[in-house]
Amino acid sequence: LPPLRWLPHYRWRAWLLGDAVAGVTVGIVHVPQGMAFALLTSVPPVFGLYTSFFPVLIYTLLGTGRHLSTGTFAVLSLMTGSAVERLVPEPLGGNLSEIEREQLDVQRVGAAAALAFGSGALMLGMFALQLGVLSTFLSEPVVKALTSGAALHVLVSQLPSLLGLPLPRQIGCFALFKTLAAVLTALPRSSPAELTISALSLALLVPVKELNVRFRDKLPTPIPGEIVMVLLASVLCFTSSLDTRYNVQIVGLLPGGFPQPRLPNLAELPRILVDSLPIALVAFAVSASLASIYADKYSYTIDSNQELLAHGVSNLISSLFSCFPNSATLATTSLLVDAGGNTQLAGLFSCIVVLSVLLWLGPFFYYLPKAVLACINISSMRQMFFQMQELPQLWRISRMDFAVWMVTWVAVVILSVDLGLAIGVVFSMMTVICRTQRVQCLALGLAEGTELYRPLRESHKLRKVPGLCILSYPAPLYFGTRGQFRRTLEQHLGLGEGGKVRDLVRGEGGFSGRGRRLQRRMAHPMQVRVVVLDCSGLTFADVAGAREVVQLASRCRDAGIHLLLAQCNASVLGTLTQAGLLNRVTPEQLFVSVQDAAAHALE
């Protein structure tokens, strides 16, 4: 329990007011946002309030991110909603009676809770195996492209609600384009009343969001535009009877209190595990990356395995109360920090706000138009859309990461969030492998007036020692790079087939064109007597790579070249030894540093 460590050192006078203000502010945002994301999950709005209460409370007790705000998250809601629609599809025709609609909602709530149970169980399994390091495989470009592409899915999926069109939700590949086509086809049937409500809501929410961002340092607390919009729309709908006169869809009665705890249908678990895995990975990756960002900013540490436990227990226990999958959220975390939050104690004040709505204030939201919730969904995507502004900088820094970002984003938009995530991770791993294939072996020379060895191409003030070749191979040596390693060493040492030194033909005016080119590319005179292989950048070697080094030692010995190895780490040296290196070289040919090896060679 992390609070047992930080609570005794809590600075009550300095932090309590900030935590209280931040917690209440986030709680006020949780209420409309939770109901909005519940619609995105294809469950009734009240279950978004449950998901804004139980996970927050549990994370306060188990989490290590002091500035992290958990609850409903748009990307997870979108992924969960797609799975729920597939597991519990709406009957053809869509004209359901009130009882049939209630039965459908019950089934969908059960499916969403089962997904939360499955993702929580997977995260607890990862915690048991201490797999918190898996979050590193979801790189920053993958996560940002995923959330940015998912934001576009959220925007398009909310268009029917904005326009008052009762269209079935599209799922699977190309869902975004299917939804756009359906909306354009049904556009003449849109509701003028709901379109007007949506336009007015966005006209209020978007400028307020912009004001909160631009004047965050001057405002004592962010302007709660969502709750103001909810209250205004509810009053307008009640006084004008928009639900009866213009058939505007409203939230309706929010049941008071909490649902009876019950175990999700375990018979459904095999069906939902395929959907639970990407949900668990996204939930943990987003939460861990957000926690790391603010931990670095405020100089404290987080435990990635403890975060797995916190989010796993949070999803598992909250699923017993009919909650859907949850994680840390971008918008409310930023809001909590801007409002002055200091510790996880802010989560308790947030829970008090949501609890008051569940117990007493629920009836005030009866006349809230669902179109307003759709507008809240869209306006909350602002931060995710603006991540695209980082693309020019990403292009300048690393074009490989830019390619990862674009491939992931295109896959998410065109296919689906799940497939886009898989494609992004696979492509990201492929770029790592490709980078190891493109590594160049560096020839080192002695810097004038020092005992340091630097790459020859960095400066002309480096001295080449006749007969001595010092090479640095800055990459892992495994089955995928051993061919590149062999070719590079042959090029620098002039080794031909069978370990013989390659014959460089001289013309009448000296070296031939090919010989001159090779001489310029080699970091040594033509007759190499000693070669020092700097292994400091060789992080690991597999069996194939180790055998390649052993073969190199044999070929050098046959060619009359003395091979010295420097700065091998314990793991690499152990692998090379097991592969039989010491049958080709003596322990006296292994050195701690390049300087020692070079000094030995000069002797």
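Cβ coordinates are placed from backbone N, Cα and C, and glycine is handled just like the others.
Taken verbatim from TrEMBL:
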- 12-31: transmembrane segment (TRANSMEM)
- 38-62: transmembrane segment (TRANSMEM)
- 109-133: transmembrane segment (TRANSMEM)
- 277-296: transmembrane segment (TRANSMEM)
- 347-368: transmembrane segment (TRANSMEM)
- 402-430: transmembrane segment (TRANSMEM)
- 458-601: domain 'STAS' (DOMAIN)
Look over the recorded stretches 12-31, 38-62, 109-133, 277-296, 347-368 and say which has the most C-beta pairs under 8 A to the transmembrane segment (402-430).
277-296
Cβ contacts the transmembrane segment (12-31)/the transmembrane segment (277-296), at least three under 8 Å, sequence gap 6 or more
no
Counting only residues 6 or more past its boundaries, what in the same chain has a CB within less than 8 Å of a CB in the transmembrane segment (38-62)?
1-3, 30-31, 68-72, 74, 77-78, 80-81, 84-85, 105, 108-109, 112, 154, 157-158, 161, 169, 251, 254-255, 258-259, 306, 309-311, 313-315, 317-318, 321-324, 326, 344-345, 347-348, 350-351, 354-355, 357-358, 362, 365, 370, 373-374, 377
Over the domain 'STAS' (458-601), what is the model's average pLDDT?
75
Contacting positions for the transmembrane segment (277-296) when only residues 6+ beyond its ends and CB under 8 Å are counted:
63-68, 70, 73, 75-76, 79-80, 83, 115, 118-120, 122-123, 126, 132, 134-135, 138, 140, 143, 146-147, 302, 304, 307-308, 311, 315, 325-328, 330, 333, 337, 417-418, 421-422
